[in-house]
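**Q** I have a structure I would like to understand better, so I am pasting it below and will then ask my questions one at a time.
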Amino acid sequence: MGARSKEARHRWFSRLPPDASSSFLPCKRPKSVAFVLWIRPSCFLRESLPAELSGLPGLPLPPQAPTNTMNCGLPEAALSVIDWGRLKSGDVNEGARLLSACDDQGFFYLDLSSEPSFLHDHKSVLHFMDQYFHQGLADKMKDDRQSDTHGYEPVATSTGALNTLPDYYESLKASRDELHGDGRNLAPAVCDRQDLFLRFSDMMHQMVIAILQELDCQLGFGGDRASFQDFHRKDAESLTTLSMFRYPKQETLDLGVGHNKHTDIGTLTFLLCDQWGLQVLSKDPAGWRFVAPREGHAVINVGDTLRFLSGNRFRSAVHRVIPTQRLQHEDRYSIAYFLRAANDTQFTDSAGRQVSAKQWHDEKFDVFRETHEEQEKMPILTGGMERLENLPGIWCGVRLTDGICHRLGAEDC
């Protein structure tokens, strides 16, 4: 389940110049490939991005923000705050505010102050992540499962937040079906703490399903009209996944940067992160805005599947992760629970095709591993949202030619 398709062969690094000095690293790859190349700075970057690029349209790189939640002068997204305690108790006003947030922004905070036990488990998982990700690479690669839903994935396996550079995060994943099954594909470290991960992920699952239930209620779905819950049957296979990410502290940009712009594949994403770096593409005001971390809050966002199932009513917002300065100056940790519909769920995608939830999942992960140039030709990475909303600056960035950084303005996008 969630295995990488054999068609995912293309890589951004296939376009390396012949004189590129490179390093070899065991990495997430097609089964027929034993290694990948990492670009060295002598080919493309002098040392790091020049300071004058800090105001680049579509690629804000403001001064480094601390890890706490104080306002640091960064351009912040104005997101609604939904109180989980009120929502689960059936507060009508809170349900209406939830519907409005999904309609208008597709992103909102979920206040979890009513769940102290869950917040304690969050700290326990962060402690686990700190220990796991600081193992040697060889040890972590033993958990590589060649899968997009379980196992370990090293840095630099997909395109990053800057043109010509790969991503710079590593991850450890555990699918819901595996956690509740025999666990044969789980990393041994996850199996050792399976009680924690089951309790932690089950609580997130309970909350996102409750959000779907409230949306069904607000829209009057049910009866003869299939509800959102109907596409998340307990007895159906799905690619719902718990993902743990680390964006390592870096000294240079030569190995990659951030997490490329995209919309999420599934129904709802439940995100926990206490550090800056997440940006959402806002409609009003138009442009990239940081999602400020809030203690005791999760960030919930609508995914492509829920947008399609809602008849394109809900907004699946484009987002990315990028350092608040040119480099990631400290390890950044985030946890995401990706709720995904049953594999056999059918919907009409942004191109007008009738596809299954599994097909959309597999195709989109393949596009993640394409080059930036190829991604710009396809609507799937951002779910067609960049064309639907016609927001300026989504493709703006940096082009690196002959070792020199060139600014791309709106006229180049």
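The backbone N, Cα and C atoms fix where each Cβ goes, and this holds for glycine too.
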**Q** In Swiss-Prot, the Fe cation site includes His262, Asp264. Which of His232, His297, His319 does it also list there?
**A** His319
**Q** How many other Cβ atoms are found within 10 Å of the Cβ atom of Asp264 (Fe cation binding site), counting all protein chains shown?
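**A** Result for Asp264 (Fe cation binding site): 26 neighbouring Cβ atoms inside 10 Å.
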**Q** Specify all same-chain residues, apart from the site residues His262, Asp264, His319, whose Cβ lies within 8 angstroms of the center of the Cβ atoms of the Fe cation site, ordered by sequence.
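**A** Surrounding the site, in chain order, are Lys261, Thr263, Thr269, Asn301, Gly303, Ser316, Ala317, Val318, Arg320, Thr382.
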**Q** Counting distance between Cα atoms, which of the binding-site residues His262, Asp264, His319 is nearest Arg332 (2-oxoglutarate binding site)?
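**A** That would be His319, the closest of His262, Asp264, His319 to Arg332 (2-oxoglutarate binding site).
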